[in-house]
Amino acid sequence: MATPPDSPIIEEATLIELEEQLNNTSAFPHPRPVALEDLCRQTKFTRQEIRIMYRGFKQKCPEGVVHEDLFKDIYSKFFPHGNSNLYAHFVFKAFDVKSNGAISFKDMLMTLSTLLRGSIYEKLRWTFKLYDLNGDGCITRSELSQIVLAIHELMGKRPQGRGSTKSKDHTDMVFQKLDINQDGVITFEEFIESCLKDEAITKSLQIFDSRSL
């Protein structure tokens, strides 16, 4: 039977994503098949949802990956009244699980599954990864300050001067509550404990609801 015109055009058994490492040459890297069933097992999306998302992904990203420039362009369309570059850069790094400068369809799907359908713990774990800019397992005041500034710029709320009182006050308030033992760094355990106990902090750290700032 012919495929209906409205149906997502995608093979039942496989999806295509890039090799784990991009080639250093100008040639496009050879793709490898990824079982659709594997993606269903590894995420909280249905087969039909994955097909639909894959079709949209391929339309926007015919090369099979999202690079940072495109990622920033997408963010700029969602936040036209602010400067989204810095925040988009941080989020891109968190999506780029292989740290190779490109987000594959599987990378995107895995992260969206966590953010959209994961438990509170899973979402907070991802948020911690976003805020831990150098990946050393803890969040410093400087790292938190950069994220807060990026969100303020994203929402078009950045006052003149990078040392704005609003950004600094927000950073100080959140850091003081998260740094339970007051040793100058926020560990993952402190982050989880503080966020789960304090609804105000949890709302303040919402990834996609920056209006709370």
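Backbone N, Cα and C define each Cβ position, glycine as well.
Under the heading domain 'EF-hand', TrEMBL lists 83-118 (among others).
For the domain 'EF-hand' (119-154), residue counts in helix, strand and coil come to 26 helix, 3 strand, 7 coil, using DSSP. What TrEMBL lists as domain 'EF-hand' is 119-154 (among others).
Looking at the domain 'EF-hand' (166-201) alone, the prediction's average pLDDT is 90. Residues or ranges marked as domain 'EF-hand' by TrEMBL: 166-201 (among others).
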Subject >> Surrounding residues of the domain 'EF-hand' (166-201) on its own chain - C-beta under 8 Å, 6+ positions past either end >> reply: 120-121, 124-125, 128, 137-141, 144-145, 148-149, 152, 157-159, 213
Original post:
Where DSSP helix means H, G or I and strand means E or B, what are the helix, strand and coil counts for the domain 'EF-hand' (83-118)?
Top reply: 24 helix, 2 strand, 10 coil
Original post:
With DSSP, how much of the domain 'EF-hand' (166-201) is helix, how much strand and how much coil, in residues?
Top reply: 26 helix, 3 strand, 7 coil
